[in-house]
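J.: Dumping the structure here so I can ask a few things about it.
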Amino acid sequence: MAALDQQPLLHDGGDQKPPPEGAARRFRRCRTAPSSEPPPTDKDNSSAADAPPKTLFTGGGRPSFRLVGLLLVAYLLLGTIAFYLAMDHMSGTRTTRALDALYFCVVTMTTVGYGDLVPASDAAKLLACAFVFAGVAVVGTFLSKAADYLVEKQEALLFRALHSHTMVRAMEMNKVRYKLYTAGLLLVAAVASGTVVLWKVEGMRAVDAFYCVCATVTTLGYGDRSFSSEGGRAFAVAWITVSTVVVALFFLYAAELYTERRQRELARWVLRRRTTNMDLEAADLDGDHRVGAADFVLYKLKELGKISQEDISEFLDEFDNLDADHSGTLSPADLAAAQPTPDPPPSLR
């Protein structure tokens, strides 16, 4: 009986050995959590739809730009066909019908808008308006993917800054720096190639060629200089698309490198800063003058800007709603009681 009294109240079924002195302590699953899932119900069929989206932090990998590529191909294909059929209603410098249609489609999508080839009839103007908004949607999709990549990259950077070794962090920083250098070299190559083509093929002066290239890659498109020959427009179809994407990637990687540095500096400052009595008071969420591991982690996450007090309050409200017996813990019975009662079949009503 005495031996039974000395056993722990909560026992996992295996021998638990105390960790050696000085060993790192690991957070384990809360013992009050259910060891198995409750029986499946009809509501479980929608669990896949309720699953959170995959990110870099949760193992989803880098956001795919496949959708952007498909939209780009579809836009260029439909736009070329549409403007090919409407080419009789266009005015400006003309070369060949198909090449001019593709050239005008690319200039419209990238919002360069030289003005050397413009719609002349009402039908052509309405068609151009439709493809202007469609092109902006394609560019917006690319920017949204880039923004998602930056946000998810921040999650991965925070995790690595808190858990990885110094050498691994340096390798990740160098990887971003190399991507920025590569994009910079591609940008220089795009500017140089465009300048040479405008100088040699279009017959512009070197300064005018460089001026037109800068106005093009930044999608400014003043319109006083543009591609007018058949060879120049054939080059411009691929060059304008590639150069504008390279510029966007260059600034994306520059923002990523800057964000990564700021994130690492913030994580390093939080980890190295000494915890004071004021920090303990701020971390004491329940006001019992004791700060547990969960309270401390939440305080550090708030300090890093990864979670706010509003988020914590929402989570606590959800916990209170699920805690049917008000025991302070969750069990399968609490979850079953919190589930709404399904409507009976129409035949039983």
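Including glycine, each Cβ sits where the backbone N, Cα and C put it.
As the structure is a computational prediction, the values presented were derived from the model and not from experiment.
The topological domain 'Cytoplasmic' feature in Swiss-Prot is assigned to 1-66, 144-180, 255-349. Look at Swiss-Prot and you will find 1-53, 326-349 tagged as region 'Disordered'. Annotation comment: Swiss-Prot describes 100-119, 208-227 as intramembrane segment, evidence class sequence analysis. Annotation comment: Swiss-Prot describes 310-345 as domain 'EF-hand 2'. Sequence annotations record features per position, and here Swiss-Prot assigns Ca(2+) 2 binding site to Asp323, Asp325, Ser327, Thr329, Asp334.
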J.: Excluding the flanking five residues on each side, which residues at least 6 beyond the ends of the intramembrane segment (100-119) place their CB within less than 8 Å of a CB in that stretch?
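T.: Residues packing against the intramembrane segment (100-119) from afar: 72, 75-76, 79-84, 86-87, 89-94, 125, 127-128, 131-132, 134-136, 138-139, 215-216, 219-221, 223, 226-228, 233, 236-237, 240-241, 244.
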J.: Is it possible to get the count of other C-beta atoms within 10 angstroms of the C-beta of Asp325 (Ca(2+) 2 binding site)?
T.: 11
J.: Does DSSP put Ser327 (Ca(2+) 2 binding site) in a helix, in a strand, or in coil?
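T.: Where Ser327 (Ca(2+) 2 binding site) sits, the three-state DSSP reduction gives coil.
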J.: Could you please provide the mean pLDDT value for the topological domain 'Cytoplasmic' (255-349)?
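T.: Averaging the confidence scores along the topological domain 'Cytoplasmic' (255-349) gives 74.
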J.: Other residues near the Ca(2+) 2 site, CB within 8 A of the CB centroid of Asp323, Asp325, Ser327, Thr329, Asp334?
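T.: Everything else in range on the chain: Leu322, Ala324, His326, Gly328, Leu330, Ser331, Ala333.
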J.: Can you name the residues of this chain that are 6 or more positions from Asp323 (Ca(2+) 2 binding site) yet have a C-beta less than 8 Å from its C-beta?
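T.: Once residues fewer than 6 apart are set aside, Asp323 (Ca(2+) 2 binding site) is near Thr329, Leu330, Asp334.
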J.: Going along the chain, which residues six or more apart from Ser327 (Ca(2+) 2 binding site) have their CB under 8 A from its CB?
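T.: Non-local contacts for Ser327 (Ca(2+) 2 binding site): none found.
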